[in-house]
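Each remark here refers to the structure printed beneath this line.
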Amino acid sequence: MDSNSLAMPMSDPNAWATAMNNLGMAPMSMTGQPIMSDFDPSLGMMTGIAPMNPMMPGLGIVPPPVSQDMPIVKEIIHCKSCTLFPPNPNLPPPATRDRPPGCKTVFVGGLPENATEQLIVEVFEQCGSIIAIRKSKKNFCHIRFAEEHTVDKALFLSGYRIRLGSSTDKKDTGRLHVDFAQARDDLYEWECRQRMLAREERHRRRIEEDRLRPPSPPPIVHFSEHECSQLGEKLKDDSKFAEAVRVLLTWVERGEGNRRNANNIYSMIQSSNSHIRRLMNEKAAHEKEMEEAKEKFKNALAGILVQFEQIVSVFHAASKQKAWDHFSKAQRKNLDMWRKQAEEIRNIHNEELMGIRREEEMEMSDDDMEDAPEIKDSDDSGPLAQVEALKEENDSLRCQLDAYRNEVELLKQEQGKAQPQRSEEDATRQQQLSFLQQALQGMQKQLLKLREDLKQRETELEKNSEEKQQLESQIQSLKYIRIISTFLHVHPFGASIEYICSYLQRLDTKISTTEVETLLGRLPCTFKQELTGVGASLEKRWKFCGFEGIKTA
């Protein structure tokens, strides 16, 4: 509603003061200040007050939002046919029930008995658009608004005293009580809105899942002669092999093959099998590249280590007396610090290179262990343990030898740097030097002896391994001779070398026809070869003749 239509001019301030005085309230302005400081309620007169319209444009029922620290000041509200007086600010705020979800309906109680529906619309339409009003005969009604936020504006009027016109009759006055009301229409609209939001959320989630879902595989084509020929060409192409073999797998699992197209299916399976060679060649090429990269890295690391050794030797040469005396203290300090850093870096690189070599030796030993037979003699455990003990002793002696060498070099450097002050100290140092040299010579002799013993043990182990291999080969050949003799004794008319070899390969898959033929040829007294058949059906057969000499005798 337009606020200008609801305005009531205050042309008679005496009537206004009389009305306020009857209610026991001092006339107040829109800001809550007294209109006149010299107002006397007993006189019922106001003088010198300019007319003021509290419902002028720009002023509404609900004041603008203020900070929580400042109290809300309710003012007098003038309507066309009634007047609303604010409650006592010292009283507590009126109680309200819990707000129902989607509430657009309010309960208004305390209406005057003579209040009409037009009056209710006049008062509450300033809060917002009204959809429906349900008025009761017991001085209350229910008002349903179009928006939810207008309910808060209507609650602002709770506690106001309403008076129709200027009458003071009890039927024309009342105290408004505005509260939330629960309506089925509000609940239904709120549930519909919640369902719509849930549908939108489900739709959004479905779109997100579809976006994140991996793409489905392409469909498999149906089997036909044309598709079969095209698939055979794809199987021969490395770039299309993965897709083609998936189609072939699906066809085979479906059982698409029959007697007419069995040859086509077989040729495609054969093409898939030939792809194994290409894969093995590709794997071998990658392994070769990896080995070349490892070898290149090892050579580069060895070159870097050689340069580190040269740098460290430069620092050692600079620390000798010939060059050391010409440097200042700061230069000597820097040289010593640089030498230590270079030695640390060299040791780190040396350990890394030794680790690479150790890994290569372990790989070679693993390969040797795989190639070697599974059967081992218990007699070899003794020499192997001795060789390992000799190697450990050799390493320990080498470490001791390096330590002695370092001590001798340090003593020489100290002897060259320090000036001879006392003859006794020189004598003791010379004695220590001679003792260390003698110990060094003894360690070198022991090291040489240990190396000779190690070489002898290695040669003995090689001989033992060769003898062991020969013995194992003889045992294996005797085993084959026994099996072949039994097999040919069951076949008195002889058997071809392929037949014999196929029987032996069930027991040992590594044996070949050439090995079997050489083994039979070495024993002419036990096995002999004969030709059977005529013309194109000639066939070489081996027979067992070990008992023929006994029969003739």
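Just so you know, glycine gets a Cβ as well, placed from its N, Cα and C.
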**Prompt:** Which range, 94-128, 269-303, 374-408, 409-443, does TrEMBL list as coiled coil?
**Reply:** 269-303
**Asked** Looking at the ranges 363-382, 463-482, which is given as region 'Disordered' in TrEMBL?
**Response** 363-382
**Fill in**
The answer for the coiled coil (269-303), taking Cβ pairs under 8 Å and residues 6+ beyond its ends, is 232, 235-236, 238, 241, 245, 248, 252, 349, 352-353, 356-357
**Item:** Stretch-averaged pLDDT - the coiled coil (269-303)
**Value:** 87
